[in-house]
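K.L.:
TrEMBL lists these features:
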- 12-32: transmembrane segment (TRANSMEM)
- 44-68: transmembrane segment (TRANSMEM)
- 88-114: transmembrane segment (TRANSMEM)
- 126-150: transmembrane segment (TRANSMEM)
- 201-225: transmembrane segment (TRANSMEM)
Amino acid sequence: KAKIVLIQQITYAGQAIIMILAYTFNILLIFIVRRSANKEIGTYRILITYFALSDIYYTTVHFVVYPIPENYGNAFFMRGHGFYRELLGAGLYMGAYGHAFPILIFHFLYRLLAIKYPELLRYFKAYLFALVIATVASNALWFSIFYWFFHPDQEILHALAPVYNGSVPLPVVHTFQSADQHSQALYWTGETYVGPRWRNLIGAIIMCLSMLFSYSIIIRCCFLINKYLKDRMKSEKSIQLHRQLFRSLIYQSFVPLITAYYPAGTAVLLPIFGLTITFISIAVPPACGTHPLFDPILLILTITEYRQAFFKLVGISRLRRTCKSHSIGETSASHFTRASA
């Protein structure tokens, strides 16, 4: 138990470092985007800023709540282990977790519109308003899943009594005093597939459908963007820029799928099939906090203009020019020495 507690303390300290780095790179990205003079990016710079602010919000909530998901038998349960540990914290965190899906969808739709129907971008204010409404709605939906659909009740508290009284050895130490602070779902009252608890099952189904719907649209947009890119863009420079923006979006969509959506989804859904993986409580929390750091880094490194601006900002361009000038000087000196000999 002491080793597990130490591991959790180390991962939480690591999360603090990740949060600081995520703040740094997202603020740098916003600064670079706002200073960019590239007119071809257009109003998309507002969506990039919106995404960065969303990542800053998510990483803040993740650190303050620091939720640890667990499963045991047919039950899933999750509680905050950061500064805020109440049941409301789990709902707020999952709201922040879920509002990324419409943001990704609207980014892909914008890329498709910019390539195939650029004339529609004159309605960008309405588009941005729709994005804000969709973000708030998705946040509320995911909040409701983990605060209402997965709200503790007497039946699940009784079923998880062996966990809360310490009879079942799990990586996280539990007490009865904190039992009702968990967002929790018991999918079957009896053995697996016997006696369904519909409120919990419907919550899990809504979560799955939300993710499947989002990635279905994203994948469809990927095919359409790839199809129309060469046909609609005449300038090689425009094609290159659109490819870079498209590639960065793919990174921003599928990296969190690996680091956050799949691990957390596994933690929630495995108990439906009676499967328990105790290691989830150690591996998932730090993994779920990484994509707000990867998002700005991948975007900056993928877009040529942003990459050059970043290197200039941190002094790498100057260092490279200095090294190059030294190299040229040494080469010239070498040639002069050989000529004199």
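From the backbone N, Cα and C atoms, a Cβ is placed for every residue, glycine too.
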K.L.:
Quick one: do the transmembrane segment (44-68) and the transmembrane segment (201-225) reach 3+ CB pairs under 8 Å, ignoring pairs fewer than 6 apart in sequence?
P.N.:
no
K.L.:
Does the transmembrane segment (88-114) reach the transmembrane segment (201-225), going by 3 or more CB pairs under 8 Å (6 or more apart in sequence)?
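P.N.:
Per Cβ check, the transmembrane segment (88-114) touches the transmembrane segment (201-225).
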